[in-house]
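What TrEMBL records for 7-26, 38-56, 68-88, 94-113, 120-139, 151-169, 181-200, 220-237, 246-265, 271-291 is transmembrane segment. What TrEMBL lists as domain 'EamA' is 9-139, 151-286.
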């Protein structure tokens, strides 16, 4: 009973995470009008980490040991590569293709887990395919895949890092405090993004200050809601949600992004999008239902315990 309640709580936290990330799409997109992708990432991740530091007094668990810091830094490095490669790729491709190609991590997570010897419930595979099909209907307009460009490859490569990031989180939270892990990974990502600023941007600091003033609201949402709250909820949730289930639930990010576009930007909601919603929800629900009775239930419990 306690295990079921914990899993339900974890699923609920993952849905909140997906919603915050989905609505963050507007903030991140308009934030690029004021700052470079690297500078925007650096500021929002440092801001997010700093917000969490103030919560340590009330919510922080045991301090990290040397291995805990290494795992947190590893999570931050993978997060940095995923975020920056995706951002670079989106410049060269459409938002629809970028969102769809990123979501390939839904399939990559169970594939990577299978290679590492994990036993997965059989319904995970059709559930992942349903979610991918739904994301295709939701994200891709007719003719968008008539040509493939370099940006598509960058975004597709980022999906590999998102998949690894989800798996790393599942392993790390078994041993270490989620809040402290989040702080370490966010500061790591912020510092590495700042290195990218010096490597790839022609930085004029007076212009950066102007950009911060112009994009303060986007930075506030991106740093507090998307990073400090959403990424941390993901880390807490994955204590009870297996990584292959987490990947499916996080696909709802695309659904909330569309809802945000319709609500905030007056974008059109089409029947094709509604069909995409239906397929994504079907995949998520299928992943939660054991198809072979007690044996499947035991497999799911083994995955949670691993």
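The first residue you see is number 1, and the count goes up from there.
In case you wondered, yes, glycine gets a Cβ from its N, Cα and C as well.
Across the domain 'EamA' (9-139), DSSP helix (H, G, I), strand (E, B) and coil residues number 106 helix, 0 strand, 25 coil. When Cβ-Cβ distances below 8 Å are used as the criterion, the transmembrane segment (181-200) is approached by residues 36, 38-39, 41-46, 48-49, 52-53, 56, 64, 68-69, 71-73, 75-77, 79-80, 83-84, 169, 172-173, 227-228, 231-232, 235 of the same chain, each at least six residues removed from its ends. Across the domain 'EamA' (151-286), mean pLDDT in this model comes to 88.
DSSP labels the residues of the domain 'EamA' (151-286) in these numbers: 114 helix, 0 strand, 22 coil.
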